[in-house]
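Undergrad: My structure is below; once you've seen it, I'll send some questions.
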Amino acid sequence: MLRDEFEWIKSIIPSHSHQKNLLMGIGDDAAIWSVDEDMDQVVCVDTMVEGVHFTRDTLSPAQIGHKALAVNLSDIAAMGAIPQFYLVSIAISPECTEEELHDLYEGMRKLADLYKTDLIGGDTVSTKGPLVLTVTVIGKVEKGKSLYRKNAEPDDVVFLTGITGESAAGLQLLLSKTRQYSFNEAETSLTSQHQMPQPHIKQGRLLAKSGFRTALNDVSDGIASELNEIAEASDVTIHIDEEKLPISSILKSLSKNERLTYQLYGGEDYVLVGTMAEKDFNQVVSEFDKSFLPLYKIGRVTERGETAVLINQEPLTKKGFNHFRER
Ligand code: ADP
Ligand code: MG
């Protein structure tokens, strides 16, 4: 059994690439290669497994479909790219009905329609095990505009495109009561955040189109983990100001410890976290304002050469979800 997902991935990175036009292979939210003078091609893949990422009690079939595509669109957003096509590989378990599969594909289609993204292929197999759904998304980005994790520099501000913590709090509710429970309005907004995350494609595009140097990552495993990935890729120290972290109005009633655990380690928020120079940030904030989108300043990048993330001067480690540690 592998102990650490991140360490294992590092060990499989090829020592060289055959293709000269490869711009980013393993190590970011998506791979990128150049195809012509104007655009670069972007591709990413993510898998959802019943019993690991969802159960029949936490997500409906339509929500499984929505989420499997949404998490990939979120990786496309984290590169600043535009999604175009998707492929779906599905391992169908014996309990799955035709109606459920129909709903699952409808969940994907409705989200794909919002982004003019076309289903162009996939694969269908049967399994005696749990349902496994793998989605691949292909997109494009203007040459030189993609937003890599390795782009952070000292004196950058650290920003978030949305609040974190609601998805994890919603998951707790679903695990304790199941999705059949009659949740009140506040609880429903938490559970919806977990079940139907909305990828921040528009935010990623605003950042890419600004043309400013930006480091960017999407929040799948919690901001503690994602900020450590930016710090590692850029070899910098990142300071987070706990007071500046945006707080969900629904989570305000929790104890500070419980709330901060959700905000920092919860994950599955699918907002974007990144860094850019302060003068550029101020311009981008007004672009976001015009689109009624929030952009929160939550910290600062300090020196290069020391890879670390600190919150109130204390180390913030990658305690988010790691596939080989938590089982
Ligand atoms: P994300 O959370 O953004 O989806 P991951 O942490 O899953 O990214 O993956 C980090 C990097 O490792 C990505 O570049 C991804 O494509 C690559 N990667 C993950 N698993 C594998 C694998 N089994 N084989 C090859 N590359 C992988
Ligand atoms: Mg990602």
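Including glycine, each Cβ sits where the backbone N, Cα and C put it.
What you see is a predicted model, and the numbers here were worked out from it, not measured in a lab.
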Undergrad: From ASP57, ASP75, ASP269, grab the residue that TrEMBL records in the same Mg(2+) 3 site as ASP29, ASP218.
TA: ASP75
Undergrad: Measuring Cβ to any atom of ligand 2 with a strict under-6 Å cutoff, which of the binding-site residues ASP46, TYR105, GLY122, ASP123, ASP221, GLU268 qualify?
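TA: The binding-site residues passing the 6 Å Cβ test: none.
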Undergrad: As a test of the contact definition, list every same-chain residue at least 6 positions from GLU268 (substrate binding site) whose Cβ is closer than 8 Å to its Cβ.
TA: SER167, ALA168, LEU171, HIS194, PRO197, VAL219, SER220
Undergrad: Within 10 Å of ASP75 (Mg(2+) 4 binding site), Cα to Cα, which of the binding-site residues ASP46, HIS53, ASP123, ASP218 are there?
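TA: Cα filter at 10 Å returns ASP46, ASP218.
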Undergrad: Go through the binding-site residues ASP123, ARG149, SER220, GLU268 and pull out the ones with a Cβ less than 6 angstroms from some atom of ligand 1.
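TA: Close enough to ligand 1 are SER220.
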Undergrad: From the centroid of the CB atoms of ASP29, ASP75, ASP218, the recorded Mg(2+) 3 site, which same-chain residues not already listed sit within 8 A by their CB, in sequence order?
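TA: Neighbours found: ASP28, ALA30, CYS44, SER74, ILE76, ALA77, ALA78, MET79, ASN217, SER220.
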Undergrad: Rounded to a whole number, how many Å is the Cα of ASP29 (Mg(2+) 4 binding site) away from the Cα of ASP46 (Mg(2+) 1 binding site)?
TA: 10
Undergrad: Relative to the Cβ position of ASP29 (Mg(2+) 4 binding site), how many further Cβ atoms are located within 10 Å?
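TA: I count 29 other Cβ atoms within 10 Å of it.
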